[in-house]
Amino acid sequence: MATASAIQSSSLAGQTLLRPQQNELVKKVGTAQARITMRRTVRSAPESIWYGPDRPKYLGPFSEGTPSYLTGEFPGDYGWDTAAVSADPETFAKNRELEVIHCRWAMLGALGCVFPELLAKNGLKFGEAVWFKAGAQIFSEGGLDYAGNPNLIHAQSILAIWACQVVLMGLIEGYRVGGGTLGEGLDPLLPGGAFDPLGLADDPEACAELKVKEIKNGRLAMFSMFGFFVQAIVTGKGPIENLYDHLADPVANNAWAYATNFVPGK
């Protein structure tokens, strides 16, 4: 009896001594898991003015009748959905992913349309700096020389470029959607980890603000790309050359002047 009591007392004492350490371990593990969960699933920072019911709306104080399904949970939600395209949660999730991906491509595309032409205007020699004419250089005798330097790797086959693009982009997109050793279990739109080497999204509040900036700049870039396409069709010039022409003679070179004189096919 005494022996059993001693063993029981010893067991209780041991549990008492171990409990603080166990609690501390559980606390640390729980904190780590919470950080991982937050890093992977955080959608917004409640403190940000761009989220929640009091976020800015598309018509400011005159915005009435905001759809109930637009709660301000996601970045770029200004409460505007007159066609109710986001009413279905699955459709909304799909469209949101499509928008973010297109925003990123548009930002890269807008930079690619402007930057080479801007460099060419400042003395850097290109074979062809205008974005919608550059690709046609692959059909020339020497192929497409990068930066106008024939000593660099150059492209001579449109089929080879197409195949490389399909294969490489297909692998990257499949990896993003399906996950892999670097992206498994992470948000496909914001995987973080190895895809965020600078740690820009480590802070949830900063990440929420960056998401808003990304979607706003991406939407602007998509409109810019649309404008570049229209400029190419109407004027046959690149965006920088069109800008220079407009600054030189704003009256003769503007959207209204081209719209009133434009004849398709001429």
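For all residues, glycine too, the Cβ spot is worked out from N, Cα and C.
Just so it is clear, the model here is predicted, and its values are computed rather than measured.
The Cβ of Tyr58 (chlorophyll b 1 binding site) lies under 8 Å from the Cβ of Tyr78, Gly79, Trp80, each of which sits 6+ residues away along the same chain. What Swiss-Prot records for Tyr58 is chlorophyll b 1 binding site, and it gives similarity to another entry as the kind of evidence.
Other Cβ atoms within 10 Å of the Cβ of Ser86 (chlorophyll a 1 binding site) number 18 in total over all chains. Feature annotation from Swiss-Prot assigns chlorophyll a 1 binding site to Trp80, Ser86, Glu99, Arg219; the stated evidence is similarity to another entry.
The chlorophyll a 2 binding site annotation in Swiss-Prot covers His102. With a cut-off of 8 Å between CB atoms and residues at least 6 apart in sequence, the same chain places Gly218, Met222 near His102 (chlorophyll a 2 binding site), listed in sequence order. His102 (chlorophyll a 2 binding site) falls within a helix when secondary structure is assigned with DSSP.
The chlorophyll b 2 binding site annotation in Swiss-Prot covers Arg104, Ile153, Leu182 and rests on similarity to another entry. Note on Arg104 (chlorophyll b 2 binding site): other Cβ atoms within 10 Å of its Cβ, all shown chains, come to 15.
Long-range Cβ contacts of Gln137 (chlorophyll a 3 binding site) within its own chain (separation 6+, distance under 8 Å): Gly127, Glu128, Gly143, Leu144, Asp145. Annotated chlorophyll a 3 binding site per Swiss-Prot: Gln137, Glu214, in sequence order.
Taken from Swiss-Prot, the feature chlorophyll b 3 binding site covers Ser157, Glu173, and the record attributes it to similarity to another entry. Within 10 Å of the C-beta of Ser157 (chlorophyll b 3 binding site) we count 12 further C-beta atoms, all protein chains included. Taken residue by residue with DSSP, Ser157 (chlorophyll b 3 binding site) is part of neither helix nor strand, so it is coil.
The chlorophyll b 5 binding site feature in Swiss-Prot is assigned to Gln165, Phe262; the stated evidence is similarity to another entry. Long-range neighbours of Gln165 (chlorophyll b 5 binding site) (same chain, six or more residues apart, CB within less than 8 Å of its CB): none.
The chlorophyll b 4 binding site annotation in Swiss-Prot covers Gln165, Arg176 and is backed by similarity to another entry.
Taking all protein chains in view, 12 other C-beta atoms sit within 10 angstroms of the C-beta of Lys213 (chlorophyll a 5 binding site). Classification of Lys213 (chlorophyll a 5 binding site) by DSSP places it within a helix. The feature chlorophyll a 5 binding site is assigned by Swiss-Prot to Lys213, Gln231, with similarity to another entry given as support.
Under the heading chlorophyll a 4 binding site, Swiss-Prot lists Asn217. Around Asn217 (chlorophyll a 4 binding site), a 10 Å sphere centred on its CB holds 16 further CB atoms from the protein chains shown.
Annotation comment: Swiss-Prot describes His246, Ala255 as chlorophyll a 6 binding site. Counting only same-chain residues six or more apart in sequence, none has a Cβ lying under 8 angstroms from the Cβ of Ala255 (chlorophyll a 6 binding site).
If you look up Swiss-Prot, you'll see Arg39 marked as N2-acetylarginine.
Sequence annotations record features per position, and here Swiss-Prot assigns phosphothreonine to Thr41 based on similarity to another entry.
Swiss-Prot lists 1-38 with the feature transit peptide, giving a curator's inference as the kind of evidence.
For the transmembrane segment (100-120), the list of distant contacts is 126, 129-131, 134, 189, 214-215, 217-219, 221-222, 224-225, 228, 238-241: same-chain residues at least six beyond its ends, Cβ to Cβ under 8 Å. For 100-120 (among others), the entry in Swiss-Prot reads transmembrane segment.
What Swiss-Prot lists as transmembrane segment is 152-172 (among others).
Each residue contributes its Cα atom, and for Gln231 (chlorophyll a 5 binding site) and Ser86 (chlorophyll a 1 binding site) those atoms are 32 Å apart. Other than the site residues Trp80, Ser86, Glu99, Arg219, same-chain residues with C-beta atoms no more than 8 angstroms from the centre of those residues' C-beta atoms, the chlorophyll a 1 site, are Gly76, Asp77, Tyr78, Asp81, Asn95, Arg96.
Separation of the C-alpha atoms of Ser86 (chlorophyll a 1 binding site) and Glu214 (chlorophyll a 3 binding site): 20 Å, rounded to the nearest whole number. It is 22 Å from the Cα atom of Glu173 (chlorophyll b 3 binding site) to that of Asn217 (chlorophyll a 4 binding site).
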